[in-house]
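Below is one structure, written out as structure tokens; comments come after it.
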Amino acid sequence: MSKTTRLALVRHGRTDWNRRGLLQGHTDVPLDDVGRAQARDTAQMLEAGMWDTVVTSPLSRAVDTGRIIAAQLGTSVTGTYSDLIERGYGAAEGLTRADAEHRWPERDFPDIEPLEAVSARGRRALDAIVETHPGCRVVVITHGALIRSVLGDLSAAAVPRIVNCAVSEVEWRGVWRVRSVNLTPRATTSRSPAAQRP
């Protein structure tokens, strides 16, 4: 029987570009003071001692969120996974969504990464984490579009926009099960129905 591996998928804390409503994608934008405070609040919600390790996307906003959370949980960041990086928005990065959609009304931004590719590499990252940390409880710091895409794929259901430092829990025990979506320190009751998918 497969061991249960539990993952807490956490969107990074706020950045100045988040505050200004700019598409970030692969652009490496650091956390702002609010983002660092959000990471500390989320660490408290995750309850010290319940998690074995923290892994992150290679972008600094995810790495720094991970370091803050790991320090409060009494663990450390033990790896980065390139497949956890945010969706690439191509020529639209640095623009507001409204400006980008005005320039490209069909939302066909030049060089945007297809959602199918985002979901596929997100699933690949989760599988790699399970392979590296079987039976463990892992906090995974990544990005909103990737989390939303992966959760939609795993649950075959619509997923709301993922807010900064929200926690969505999934577990692997032969099949993926979505345990919760978009939990924040001020909204810990927003649990979603569990869904299973091989």
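Keep in mind that glycine also has a Cβ here, set from the backbone N, Cα and C atoms.
Automatic prediction, not curation, is the source of TrEMBL annotations.
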According to TrEMBL, which candidate in R40, R61, R121 joins R11, H12, G13, R14, T15, D16, W17, N18, E86, R87, G88, Y89 at the substrate site: R61
Among R11, H12, R61, R87 [recorded positions], residue with fewest other Cβ within 10 Å: R87
Among R11, H12, G13, R14, T15, D16, W17, N18, R61, E86, R87, G88, Y89, the record's substrate binders - longest CA distance, Å: 19
